C-alpha cells in the first residue's frame, strides 16, 4: 500500500484528488487535524475518524486533535467548565484507543480562538460570507431545531481553525462536508490558502440501517458500554445478507467490519461449532462480505465476531474512563 492509498483508504470523498496526491508525495511531517466537540464519551462515530488519523500517522503525518471547547459552548453543549472536563476525558480515551502520543498534538480551541488576530479574521469572514451560506454549512451539525446567531459563527470558526493550526489537510465525517466546502471557498477571501480535505463515511444506525449511527438517537456503541452491552447491541443489529439493501438503507454490521475492524486487525476469526463447518478466518473485508452474501457466513456468526472485535478495540478506552471516574 503506497502513501496515497493509505491516506485515502476507507474515505467517502477526497477533495481534491490532485491536491492529496501532491501531499502524499512527501507526507512526512505534514499536519492533519480533526476537530471534536467535547460533548460526551467517545463512540464509534469519533473512532471512525480516529482510525483515519492512525492511518495518517502510519504515513508519517503529524496529527492535531482540536478539542473544540468554544465550538461546543456555541452549540449549547454545556458550561465551559463542564466542556473542558469532558475534553480531558476525551484526550485520555483517544490515547488509550491507539493514537500515538508522540505524533499527536491536542489543542484546546480557547487557547487561540479568543486571540485578537483570530477575532479580527473571524469578523472579516463574517463580512465576506452570506447568512444563507453559513446556515447551510451548519444545518447538519447544529444542536436543537432553533437556529441561533452562534450557529452562524460556528462554521466560520472551523474554517479559520484550518489556518491558525497551520494545517496541510483537514479530516471530518461527511456531515462536515458543507463546512469544509465553505472553508475552501472563503479562506482565500481573507487572504489564506484553501487546504485539501478527506471525508469519512457516516455509518448507518445499528438497529435499522437507516440514517446515521448517533449518540442521541437510535443505537450506537461507546466506551461506556460493557462487554454485555456491546454483545446485546450487536446481536440486535440490522444485518441482511447483502452489502446493498434496498433504497438508502445500509448494512451497519458490514460497515463496522469495513471501517472499524479490518483497519485494526490482521485477521478476523469467526467462531463456529464443528457441526456448522468450524471456524472461518478472514484477512480482508471483501472475503467476509462475499461469504455473507453467498450464505457461507450466517449473520448471527458475523455478529458474534463483530461484537468480540469491537469489545477488544474499546476495552483500553473503557478501562481508562473507569479510572478517570474512580470506578
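A Cβ is built for glycine as well, from the same backbone N, Cα and C atoms used for every other residue.
Predicted, not measured: the structure shown is a model, and the values here were computed from it.
Swiss-Prot lists 154, 158, 161, 176 as L-tyrosine-binding residues, and of the candidates 4, 33 the one it assigns to that same site is 33. Your range for motif ''KMSKS' region', going by Swiss-Prot and the list 202-206, 207-211, 212-216, is 212-216. Range with Swiss-Prot annotation motif ''HIGH' region', chosen from 11-19, 20-28, 38-46, is 38-46. Break the motif ''HIGH' region' (38-46) down by DSSP state and the numbers are 3 helix, 1 strand, 5 coil. Taken as a whole, the motif ''KMSKS' region' (212-216) shows an average pLDDT of 63 in this prediction. Following the DSSP three-state reduction, the secondary structure of residue 154 (L-tyrosine binding site) is helix. Listed in sequence order, the residues of the same chain lying 6 or more apart from residue 176 (L-tyrosine binding site) and placing their CB within less than 8 Å of its CB are 141, 158, 199.
Over all protein chains present, the Cβ of residue 33 (L-tyrosine binding site) has 24 other Cβ atoms lying within 10 Å.
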